[in-house]
Amino acid sequence: MRKFLSVLVSLLLGFSSFLPTTANAVTPATAPGTYSSIDQTSPLNIDGYDVAAVKQATFLVVWTRYPVSQDIQSLITQSLQNVPGSQSTTNAVYFSGVPAPGQTITCPAPAWADSNFGQYYVQYGTDGHLYLHATKISHYVVGNNVFPSFKVKKEITGTSTFPDSGFDFVLKEGSTTVGTAHADKADTPFSFNLNSNFHMPITFTMNEVQPSPVPTGWTYSAISYTVTIDQNLNLTYVENDSSLLQCPPSTTTPTIFTFTNNYTTPPPATVDIHGTKAVTGTPTTTPTFSFVLKDGTTTVGTAQVTGAGDFTFTNIPVPASGSKTLTMSEQTPTPVPTGWTYSTASYTVTIQSNGSVVYNTSDGRQPTFTNSYITPPPATVDIHGTKAVTGNPTTIPNGGFSFVLKDGTTTVGTAQVSGAGNFTFANIPVPASGSKTLTMSEVQPGTIPTGWTYSGATYNVIVGADGSVSYQTSAGIPLDGLPTFTNSYTTPVLSTIHATKIIAGSPTAIPDGGFSFVLKDGTTTVGTAQTDKAGTVTFSMSSNFQLPANGTTTLVMSEVQPGTIPTGWTYSGATYNVIVGADGSVSYQTNDGIPLDGLPVFINSYLATPTLSDIQATKIITGSPTTIPDGGFSFVLKDGANTVGTAQTDKAGTVTFSMGSNFQLPASGTTTLVMSEVQPGTIPTGWTYSGATYNVIVGADGSVSYQTSDGIPLDGLPTFTNSYTAPVLSAIQATKIIAGNPTTIPDGGFSFVLKDGSTTVGTAQTDKSGTVTFSMDSNFQLPASGTTTLVMSEVQPGTVPTGWTYSNATYNVIVGADGSVSYQTSDSIALPVLPIFINSYFATPNLGDIQATKIITGSPTTIPDGGFSFVLKDGSTTVGTAQTDKAGTVSFSMDSNFQLPASGTTTLVMREVQPDTLPAGWTYSGATYNVIVGTDGSISYQTNDGIPLDGLPTFTNSYTAPVLSAIQATKIITGNPTTIPDGGFSFVLKDGSTTVGTAQTDKAGTVTFSMNSNFQLPASGTTTLVMSEVQPGTVPTGWTYSNATYNVIIGADGSVSYQTSGGAAINDLPSFTNNYMAVPVTPETPTPTAVAGESSTIIENPYTGNTAYPPLASVFAMLGLAGLVTAALRKKHRDHSNDKRD
């Protein structure tokens, strides 16, 4: 196909030189230089040539496609004189015409010809080509460009953008269109496409096609050319009835007809107007500035900008004519932000009807509004100083260093720093005007910390009303930097700490490791010493010990007591205070603060130790207890307030004391200890403990004897008698009260329970009012001591008997270890009487049936899935529901949580439940009703505005069966077929693979589908069908069927819409384009008939019967055929593209 089109284009280009193509009036042209010589003796193919010549001796035989005048013949002869192979000729013979297929046009012999002239003719060959035959030949010459050529050219002014749609031109003979041209770019000649044959002479008009409406902004050319081509192909034209224009016969330039269109850019409907915001100063925040544009007092636009920059009033209307002057100004906020001064300027802006904007400023630029910002002075300032420290102190005095800022004698600020570095007096007020001089100094502590020297400097601080701060010495000399306070530190040295060790007695050896001593700061060891002989002891200090920053610190010196005292040794228990000053000085005191004259003394003595006899007592238990109190019975021996021995037993009998490690036999004589039984914090229930005390006399030799507390010697061991009496639990009771007038008591009566946590320890039961006494479980035990709390409550039955209300009260029952019982409310308030449980009986009324009537109109064949539902609501709470799938009475089921009102009435609201999506064809009732429920269970009904109903509420639902809209498509047939394929064209609608509709037609136009009886509209939503044309098993010859498919969207309401197969919505009906292209038929070749003499000027076309000048007739016939073929191919290509796109 592409090769065919290339050949066709070549033919058209060749023939275009024979056609009028428009210009300033052109007559026939010889076109020298377009002739070429061919050395050939066989017949010459002259397809596409206007002139063919044969040279024989000194004459030329010249064939022209069209008849030409003698003037044109002379021009051709002159031109051929310059072509190699045809020079030096003296005579020329002309003949013209294009034979019909199978015919021949012969050149007549001239008068001067002799028998050697030969035969010259043009023949339409059986192969469809045109040949020049010559029996006498030396050379062939062929050429083109003999006849008028005219073209059209489009010029545009006012824009450089050529519209995409281009411009169209038309040639008309009378009212008949004989040619068209299309220009798709400027300043380029375009040829006309001629769409019918015409005869010379001819006069036609040439115009530009005026579109309707004319595109906005364009003015089309009003020029009209009247063009005439005479019998000799001379071209003349008249422009808009002006005088006749023509060119001399020697003109070779094609006539170019020019049409000029002008474009004027249409004014815009709106314009944007701009302004500039300028800001001076250094603002700390960036406010948003607002501007207004006014027409008189009417606001036509507002704009905003944050900070400096341009702002825009958008979409300001352009006046239809003339101009309009607006006023631009800035809006000043109320109140004006601190520090800001807003612009009060206003400017006028003029908008012309052509959309131009004129800014009426001195330089013609967009207006500038300048706002200034002056930083306001601060209300307060921060004032700084520097603390310098010399001497490498390891610590800084507690609280660091303090500083004061004074206005005269008034302190206006304080500051503190923990070490070297800067410090700040924050939020010092700024004076309202002028300046203020403050004095900065370091606070001197009451006691200077040891090693420290504090700065005594003072400085002046000048605070200005503008928030400025400067510093001076006290003498008024300005400082370059901050005031500096330098404190120096000198590290003190600790003096040596000593003690004296004295050893009494005559030990033969010193205990292993000797004697150790310790210095403690609180519980922290800061120094140690050791010696294995009497004499001075020197302490070594721990590395973590630091002298106090100031004042003194008190250390405690003592001798380390070994875990086990070596036998015979008595270690010193003395402790001493060691007073260490911040300057490293050391002094000593007794542990009660009495200063020592010398060193602390630690005396250890050695004496062989006697053995202490056993100290014992007798425990007696009366009363037959079942258990002994936890931990048994304990006893204690005391030396004054110090416990020196203990004993314990869990049975009657002898008790032996264990002596504490701190007990020492007296150095001489005796010591008296006191023996007693330990009384527990809480005496176990039922027990009475012995309160006896005894004296135990211990001798220096370890001997032991016993006395009563009043000093009477005992013959035996001390005796402690404990007695036990078992406690008895008091009765636990409650009071049952029954309110109302029940005729019977619920089966089983009323039950009560006592619980210790989650464990039941007692129960009670009664079937009448009165006192209820609990029976305790055998596993219940009185508390060993103190009290235990039980919880009393009434047992709630699984199902409360009708009409009864049970008491849900709970009470605390306090049971003492001695069996005592008391009662409290659940929130621990003591009760003066027994706990009370009140059960009441009230006969419950029955709720009447709540009903409604369902009415269905419209004769539906089915009821929506789930039928119809109804709801009763108390406020937003659903208390009842109903459902039905048919017309008639509907009864509500009440929720278990619904209660009759305690008094009066309650109003419920009855309505039908509306489904989220209404079933197709159905209209649901939107009615609501009030249902009045009395405390006695009575029912009455009202409208939603309170009007009583005589009967039941009624809900009417109506059904209207939806009807499917017509499903249609458009059948388009291209190619001008003479017949339609048998059976016409068929179409199908499918739901998946199931055919649900068909259509058929034997002509172009609208096609309507018939739906199958089994097709049903969707119950809800939509369903999608697929529409396509049925492809025949064998496509008829010459036909191309549409393979497009479309989606058909069917709604539950019968609505129909269409989409492409890709899902894109289409507004028109689906279209199916079938194309027909006739298969070419080769005509029978008629018997050639020679025509004697000169060829006739007019030849009858054997296919159309028309007569025309043979040259133009053939050209226009071929052009017409080419146009039809091209149009058909383009149409097929377009349909094919559409099919693919569909």
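A Cβ is built for glycine as well, from the same backbone N, Cα and C atoms used for every other residue.
Note: TrEMBL annotation is automatic and uncurated.
Features as listed in TrEMBL:
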type     : residues  : note
SIGNAL   : 1-25      : signal peptide
DOMAIN   : 150-264   : domain 'Streptococcal pilin isopeptide linkage'
DOMAIN   : 273-373   : domain 'Streptococcal pilin isopeptide linkage'
DOMAIN   : 384-490   : domain 'Streptococcal pilin isopeptide linkage'
DOMAIN   : 497-606   : domain 'Streptococcal pilin isopeptide linkage'
DOMAIN   : 615-725   : domain 'Streptococcal pilin isopeptide linkage'
DOMAIN   : 732-819   : domain 'Streptococcal pilin isopeptide linkage'
DOMAIN   : 850-960   : domain 'Streptococcal pilin isopeptide linkage'
DOMAIN   : 967-1076  : domain 'Streptococcal pilin isopeptide linkage'
TRANSMEM : 1108-1129 : transmembrane segment
Helix, strand and coil counts within the domain 'Streptococcal pilin isopeptide linkage' (615-725) (DSSP): 0 helix, 57 strand, 54 coil
For the domain 'Streptococcal pilin isopeptide linkage' (967-1076), residues assigned helix / strand / coil by DSSP: 0 helix, 58 strand, 52 coil
For the domain 'Streptococcal pilin isopeptide linkage' (384-490), residues assigned helix / strand / coil by DSSP: 0 helix, 60 strand, 47 coil
Secondary structure tally of the domain 'Streptococcal pilin isopeptide linkage' (732-819) (DSSP, helix then strand then coil): 0 helix, 45 strand, 43 coil
Secondary structure content, the domain 'Streptococcal pilin isopeptide linkage' (850-960) (per DSSP, counts of residues): 0 helix, 57 strand, 54 coil
